[in-house]
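Here is what TrEMBL records for this protein:
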{"type": "DOMAIN", "residues": "194-222", "note": "domain 'EF-hand'"}
{"type": "DOMAIN", "residues": "228-256", "note": "domain 'EF-hand'"}
{"type": "SIGNAL", "residues": "1-24", "note": "signal peptide"}
Ligand SMILES: *[C@@H]1O[C@H](CO)[C@@H](O)[C@H](O)[C@H]1NC(C)=O
């Protein structure tokens, strides 16, 4: 089934990204420690951590100690080549970068007027989606019409797959259990719990609504595979306030009023 390959891809994308994050983290740590040693050999190693503890750097930057030993943000020295086309990023300006790290690094260089800046427009550019820039095609009305149905089934399969892989927060186990029973008994909306689960996952701030920022990552990962995802989410936001409330999410994906009430209580903790 087509939807099966979609979720496998998404899962690969997500797990690769987590792996890269972990790798990037350990790499920068090693690197900066060396630098700290170079700056002043008498200073203990944890001096770096102390000084950088309160320095928050933006994407593409990492905390370094300058000549005076003060913490400041410098551009990430090196990005790993993910060697996976799916981890490339395409920006709104339709530029392909090897990874999101490379894009943020370029932004940093250009912001700091570094000579390695080759795309000054990067400063105002943003990531559009994961994958090489390509012709994504327009979402037709028909595709948009059938999209909720496809998404429901797809979410249903992902939820179960994550549970099988033990990649699911244990608080969701009860949802999986119930979903399996619903599927076995041929309940029409067997994917109901998966729709609830995805909303809880997206609503990181627990304000019972999913804002643009919370949706961005979801959309970026899916856009190449599902060119209707953005039009679909825009269409869910019926009051055009740039966020999707639990009511809007439920209505958009065909849930009932009762399901939405359950969703409110379930997601709030
Ligand atoms: C972006 O670039 C790709 C590949 O170069 C091209 O196929 C596509 O049409 C471009 N998209 C836009 C909106 O210009």
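Each Cβ is built from the backbone N, Cα and C atoms, and glycine gets one as well.
A TrEMBL annotation is a machine prediction, not a hand-curated record.
Taking H, G and I as helix, E and B as strand and the rest as coil, DSSP gives the domain 'EF-hand' (194-222) the counts 20 helix, 3 strand, 6 coil.
Regional average pLDDT for the domain 'EF-hand' (194-222) in the model is 89. Across the domain 'EF-hand' (228-256), DSSP classifies residues as 15 helix, 3 strand, 11 coil.
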